[in-house]
Amino acid sequence: MAASSTTKIAWRLQEFEAQSSSISCLALGKSSGRLLATGGEDCRVNIWAVSKANCIMSLTGHKNPVESIHFNVSEEQVAAGSQSGSIRVWDLEAAKILRTLMGHKANITSLGFHPFGDFLASSSMDTNIKVGVLSCGHTQAVRSLAFSPDGKWLASASDDCTVKLWDLAQGKTITEFKSHTAAVNIVQFHPNEYLLASGSSDRTIKLWDLEKFTMIGSLEGDTTPVRCICFSPDGSCLYSGATDSLRVFGWEPDRCFDAVPVSWGKVSDLAICNQQLIGVSHQLSSVSSYVVDLKRVKKSGGAVIQGIIQDDQPLTEPKKDPKGAALRKNYERPTTTCRSQRLKHRSESDRRSPEGERRSPSEDEADEKLSSAEIHNAEDYKAIFQPKSAISRTPPKMSEPFPAPPEDGESSTPTVISAVKRPSPPAAGTVSSSHPAPTQPPVTAAKSKPQLKIISSARNEPIGLNVADFLPVSAPLSDEEALTQMKKGHETMCVMLSSRLKNLQTVRGVWTRDGIKVRLTHRYQQLALVCGLSLWKLDVCMVVLPQLDKLLQSKYESYIQTGCTSLKLVMKHFWTLISDTLKATPSVGVDITREERHQKCRVCCEQLKNLSNIVKNKATQVGRHGSTFKELQLLMSPLDDSP
């Protein structure tokens, strides 16, 4: 087999500032995996193309923070629910609001478009679920909704630890599943079979047979609450997204095929396209997207979760899965007549609230005036939301898989990787080039990896910036036209810089109030903060050492220098303490302080050993940096003799 150009299984695709204030929700378009919607405290809904840093469209109209977002199946509409309980639905192709729905009395927690009809399901912190004129609910807040593939059932997950199945035609509960021991965060139907999956904060996924209404499996293995689940397109396995990890599960018998570490934090949504899984998460006002190459992930056979299958149970049972799958009933999609009847009903339901109360014309007119769709990027808008009825002489362009980054590590700064090319790493705070890169043959394993270019700390001019890279490939532009093109990203850059200022103010406040250690353990820490650290204790060493990995492998000379200086400081002032503590004989009796110090020293020693491997690899370099790492390697040589 030819050697692949990369061996990465998962990588970060991009990180960007998506809102002018904190983000509270986001959603991926499940059909394409290329469309992203974000909403937050600024009461706006922003539409993005995954892998691009410029906002396509901003939807306004909500007067309260947006709490929930959802695309319809065709990705032509998006619904957004607010903190006040109101819901607005926009037509993305026409760039206008379709309707406003009222009826909930608290935050909207989940939304769902019917797969064939023109109505919307919504749930709220008020414990109620509303589907057209149907109203039902749980005893506590509802967290997730899902329509069955045939559109006949609705599943709901709640903080009351239950999952309920509703019959939409009869408007009543079919059954209630009660095996979870904590809040249920997500629910998902199998794409073909009568099977339902639910993920919970009890760190398990339950699988329910919808013919016998019994639990057929309990998938365990996640060490944090299950936040997202997603069946594979063919329904052969289930992907589970938890904090910083992705797991691949099978059932009958219950087993874990693979576990992939992904540094996406608390992932918020998943989508599958082109044998790649896209995951998105948010922190404050920034959004990060990640890619997992499903061709490199095990989806059958292999590992079995310990404790779920007993040692004396034969492992040949997974071979029965394909046969067993045929025994379970499949969904039957409705005929076109059902859809036409629903479409006729749309004219009567467009302006109705979930409670069936028609809004007054004055309210409708006021909403239309307040709600708008601001198109920020006309070219991307035309390419994505062009009318589906338009006749084209060329076949539709298929999206290509996202390319993996180079093997020598990801940049520590926000990056944008194009869906059609692999650009060179941009300078900090810039948007990646739109100029096409020349086609190159794939890199084979026999070729040496290119050395990461180090950006000098003593520079007085921008690195790697060329005005031509930010302009479209066309005939030469006049100065005025060039400035107009360059100003397109001005608003996005202003939002990003404003967010960074807010983050710095937050850092200063937390640092002053709670001290260094508390500040360093926050999720929104940045490498620049580690570079500015000046006060050290053993507690601080334990928190900072994991960050030195990124500093030592950064492309910025100042970061590398800080990482080396920090390692020298730890080895000089703390290694004797760490070594003596680990070699000391156990004390007699209970000494909590000594035990805590021993635990801290053990963690620091393990982290230093990991960093020692990086230093050894870097010491082979030539030049000033190679000499620095060789000196550091000699200083860290006592680690080779440590227990």
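Note: Cβ is positioned from N, Cα and C throughout, glycine not excepted.
Look at TrEMBL and you will find 16-58 (among others) tagged as repeat 'WD'. Confidence annotation: the repeat 'WD' (16-58) carries a mean pLDDT of 89 in the model.
Taken from TrEMBL, the feature repeat 'WD' covers 59-100 (among others). In the repeat 'WD' (59-100), the DSSP tally of helix, strand and coil residues is 0 helix, 24 strand, 18 coil.
Sequence annotations record features per position, and here TrEMBL assigns repeat 'WD' to 101-131 (among others).
The list of residues near the repeat 'WD' (135-176) in space but at least 6 beyond its ends in sequence, with Cβ under 8 angstroms from a Cβ of it, reads 103, 109-117, 121-129, 182-189, 191-192, 196, 198, 200, 206, 208, 210, 213, 331-334, 354-355. The repeat 'WD' feature in TrEMBL is assigned to 135-176 (among others).
Summarising the annotation, TrEMBL assigns repeat 'WD' to 177-218 (among others).
Residues or ranges marked as region 'Disordered' by TrEMBL: 313-448.
The compositional bias 'Basic and acidic residues' annotation in TrEMBL covers 346-382.
Here TrEMBL flags 488-636 as domain 'Katanin p80 subunit C-terminal'.
Helix, strand and coil residue tallies for the domain 'Katanin p80 subunit C-terminal' (488-636), in that order: 117 helix, 1 strand, 31 coil [DSSP].
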